[in-house]
Amino acid sequence: MTPASRPDWCLILLFLAVLRGESRYIQMREAAEDALFLLNSDFKRELSEGQIYRRSLRCIDMLSIEGQFTFQADRPQLHCALFLIGEPEEFIIIEYNFVNIDCIGGDILKVFDGWIIKGEKFPSSLDHPLSTMERYTDICEDGDVGSITRSSQNVAMIFFRVQQPGHGFTLTIRKIPNLFPCNVISQSMNGRFTMITPHQHRNCSFSIIYPVVIKIFDLTLGHFNELQLKKPPPKGCGDAGDFVELLGGAGLDPSKMFPLADLCHSFHGSAQMKIGCDNTVVRMVSSGNFINRVTFEYNQLDRQLEKKQGNSVEEACFPSD
């Protein structure tokens, strides 16, 4: 990871730490302008049935709960971003209740279907049905007050620039069920997930933004049987139309990550791998000819213990000492 992109990545990790509920209140300097975030699960449960949660937005912010959110500039804000994340089985709905920005004067309010940081996208261009430009919704050009945008996965992002103090906007964020989640960023460093593609020709990536131990318990691809590590020269699964691969890297975009293992054969049992990368991705490629299914469990990896244990692949992301 480049030094320029490291602060952005650390900010994402800090946001996700808050969402996990490690701290009920956390104060972020500079980037979040000393914002206090109340985003953990205990706070969600405190909201009574039917009550709408409301709060102000900061220039750099992140949301994991439903509610109505307002940004009002107290000074020119030129480079702002709002990260939205839901549970793996959720789509995000964004409704524009009130918009008071100067589009002609250079203000911006754009929604991106996914996350994008320093040009790296999730889902990657290989895993999303739309082109990069089609994934943007420009409220200044395409949207009206009352219009609605829906994400294609459990994450979305809003970019905005508001130059005039007192100007801003109000959004309502809702979640709706996604019966067959495809591309996912996990809020947690620990969990279990089953990815299913029912006769659909698409690629799906599950991203875990932590070093983790991955355990794959079950894989059904409609053919064969084996797990093979990618060691040069790899045989790989390139000729298979249906396979699962494990990726690791230091950025957001799965297409720019290291291929660590191919799984192109069905198996039932348990296969484990330790991945010492900042970001770990389980990616399923499906031809649409089968009902493909993979179940896996992930837990945060202790970097002090990862060397010389099992099938550690730490060297794929961190040079050896």
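Glycine is treated like the rest: Cβ placed from N, Cα and C.
What Swiss-Prot lists as disulfide bond is CYS59-CYS80 (among others). Around the Cβ of CYS59 (disulfide bond), 20 further Cβ atoms fall within 10 Å across all displayed protein chains.
According to Swiss-Prot, the feature disulfide bond maps to CYS103-CYS140 (among others), an assignment based on similarity to another entry. DSSP gives CYS103 (disulfide bond) a coil state; it is part of no helix or strand.
The disulfide bond annotation in Swiss-Prot covers CYS182-CYS204 (among others). Residue density at CYS204 (disulfide bond): 24 other Cβ atoms are found within 10 A of its Cβ, drawing on all protein chains shown. Under the DSSP three-state reduction, CYS204 (disulfide bond) is assigned to strand.
Taken from Swiss-Prot, the feature disulfide bond covers CYS237-CYS264 (among others). According to DSSP, CYS237 (disulfide bond) is assigned to coil rather than to any helix or strand. Counting every protein chain shown, the number of other Cβ atoms lying within 10 Å of the Cβ of CYS237 (disulfide bond) is 23.
If you look up Swiss-Prot, you'll see CYS277-CYS317 (among others) marked as disulfide bond.
Counting only same-chain residues six or more apart in sequence, the Cβ atoms lying under 8 angstroms from the Cβ of ASN203 (N-linked glycosylation site) belong to LEU126, ASP127, ARG283, MET284, VAL285, SER286. Annotated N-linked glycosylation site per Swiss-Prot: ASN203, in sequence order, evidence recorded as sequence analysis.
Taken from Swiss-Prot, the feature signal peptide covers 1-21.
Fewest Cβ neighbours within 10 Å among the disulfide-bonded residues CYS80, CYS140, CYS182, CYS277: that distinction goes to CYS140. Note: the Cα of CYS140 (disulfide bond) and the Cα of CYS277 (disulfide bond) are spaced 39 Å from each other.
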